[in-house]
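Novice: One structure coming up, written as structure tokens, with questions to follow.
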């Protein structure tokens, strides 16, 4: 049986990346297009799909407000434009989604927030909470403080990192190109679009040209890098041309696109990632905690009897039973020093012991392999 392309209607958690050229044109913000996208988001949510939007456009929007000249901007100018544009971008999303009863939340991140384990855990916890509360997070690269990210325009990779961080099963890159081609279709009339990519091979990567529009900075190479990150994390990814009204509806109805097939599901990919890490310490638990962990529960401080090693928040640790038998691995939400202090205590006592409020679980079940 031939491999089937993913169906956007079946997505449980969908990340949509919106390129600058789609949001902003010579006249400013494309509000009518954004309102049409809001219809797509509202429709997806009625199907039970959780939606996260990763949006470019703050610099492109801000530079018009500040009347900056066309062409490349100095780093400081880009950061200033981002500071002005982020406010207007967040307001625009709020205005088009609010009529559908959708609450938006602005989340500003950089690639470092997903690559550093401690910050990764914090970002993940925040996003999970926002989704659980029924919001649509609007994620934007924090171009006001970022440096390399501004120079290289990496929101494609950022979107893939966000998709993996939140365990999304589908990522859609709305772009100014309608898929991945064997060559640059603007230069080679014989270039063919791939409808479905099962494996990203070196030969396929070599086909990636570097088409760059006047407003967006991400070329096809960054999209292939994003696809590699996404599919390895169990998330299917599509590249599609998004300028049409209701671009997600168009994708659903068979618009031109390239789908990159996921390697397994997001949770399994995450478990493999955690299991491959080298432990920085060991947390030994009592018999009651063993039963709770085997039943799929999180590890609470009350079940901890000993802490070994020197580890920080977000570091991988080994989880051992009363006799030292290895039960699994997980990412700890506390440092070794903090874990020693709260070991054996109820979660409600954490504030009194540490002097500040922390997570209820020492290791959350989603950050654990047993």
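If you go along the chain as it appears here, the first residue is 1 and each next one adds 1.
Glycine is treated like the rest: Cβ placed from N, Cα and C.
Pulled from Swiss-Prot, these are the listed features:
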BINDING   17, 175, 176  ATP binding site
BINDING   56, 143, 155  substrate binding site
DOMAIN    280-357  domain 'PUA'
Novice: What counts of helix, strand and coil residues does DSSP assign across the domain 'PUA' (280-357)?
Specialist: 26 helix, 23 strand, 29 coil
Novice: What whole-number Å value do you get for the CA-CA distance of residue 176 (ATP binding site) and residue 56 (substrate binding site)?
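Specialist: Cα-Cα, rounded: 13 Å.
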Novice: Within 10 Å of residue 17 (ATP binding site), Cα to Cα, which of the binding-site residues 56, 143, 155 are there?
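Specialist: Close binding-site residues: 56, 155.
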Novice: Which is it, of 143, 176: the one of these binding-site residues whose Cβ has the most other Cβ atoms within 10 Å?
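Specialist: Comparing the binding-site residues 143, 176, the most crowded Cβ belongs to 143.
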Novice: Going by DSSP, give the three-state secondary structure for residue 155 (substrate binding site).
Specialist: helix
Novice: Quick one: mean pLDDT on the domain 'PUA' (280-357)?
Specialist: 95
Novice: May I ask you to report the DSSP-based helix, strand or coil state of residue 176 (ATP binding site)?
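Specialist: Reduced to three states, the DSSP call for residue 176 (ATP binding site) is coil.
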Novice: How many other Cβ atoms sit within 10 Å of the Cβ of residue 155 (substrate binding site)?
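Specialist: Looking across every protein chain shown, the total is 29.
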Novice: Could you tally the C-beta atoms, other than its own, that fall within 10 angstroms of the C-beta of residue 56 (substrate binding site)?
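Specialist: A 10 Å sphere around the Cβ of residue 56 (substrate binding site) contains 29 other Cβ atoms.
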